[in-house]
Amino acid sequence: MLKVDHASVFFAARYGRTVHALDRVSFDIPERGFVVALGASGCGKSTLLNAIAGFLPLSDGRITLDGRAVEQPGADRGVVFQKDSLLPWKSVIDNVALGLKFAGVKRRERQARALELLRLVGLDEFAGAFPYELSGGMRQRVGIARALATNPDILLMDEPFGALDSLTREQMQELLVSIWDKTAKKVFFITHSIEEALFLGTQVLVMSPRPGRVVARFDLDFVRRFAETGDARSIKASPQFAELREEIRAILHSTEDLRSAA
């Protein structure tokens, strides 16, 4: 289980100012949990993800993964960013296998593992291609495969579909659910899209503008329904989905109004 306990982050800014980015954020991600942090730009979502990844120290609070304190990056956390970080001079399969190479896995074994993951994301036919030959959605699929290569306990995903067109974005959401269902990984996903959060999350954390706080939590089962039925259209068209979308929109607007009035 991932446990985030009263996590706070302060940054030193110019002219001696201090920026309060996160304020006492707490939540858990159990086995097979898919937690989505939802909020406007600048609310601390990426700061929170970077702290979980071990890229950024907390100013206060604690993060643990399966009882171990998170204090630096580790192979137990796979990260996927909005802008892929594929190496352009390496083939798709070598990009996926990169973490395994650093871990000292022999070439034959890491190539076999990478090919297995490319099959999982539907890109095994492109194993020998190079990143420039792929579309944006395909590159993100390679990024997901690479993040899974070291068999992490949790996937951390920082708006990975934000730069994609709407149709590709929906396809990637559905692929991600399939991967989550097959691998049984924990996922922490951040987005500013209400519909994306509702569709993907077993729990949605609605965050306030800076300093980022969790102002509402929603436990959901839309993602499990989709994993069972494959019918995204009826799920998104359901009255329950629409009601929750409007409820969350109202919460986000109210937090923005409070910031404007401050």
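Heads up, the Cβ atoms here are built off N, Cα and C, so glycines get one too.
Per Swiss-Prot, the features are as follows:
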type	residues	note
DOMAIN	4-234	domain 'ABC transporter'
BINDING	G39, A40, S41, G42, C43, G44, K45, S46	ATP binding site
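Taking all protein chains in view, 24 other C-beta atoms sit within 10 angstroms of the C-beta of K45 (ATP binding site).
The binding-site residues examined here are G42, G44; by Cβ neighbour count within 10 Å, the least packed of them is G42. The domain 'ABC transporter' (4-234) scores a mean pLDDT of 95 in the predicted structure. In this structure, S41 is the one among the binding-site residues S41, S46 with the smallest number of other Cβ atoms inside 10 Å of its Cβ.
In this structure, A40 is the one among the binding-site residues A40, C43 with the smallest number of other Cβ atoms inside 10 Å of its Cβ.
K45 (ATP binding site) falls within a helical segment according to DSSP.
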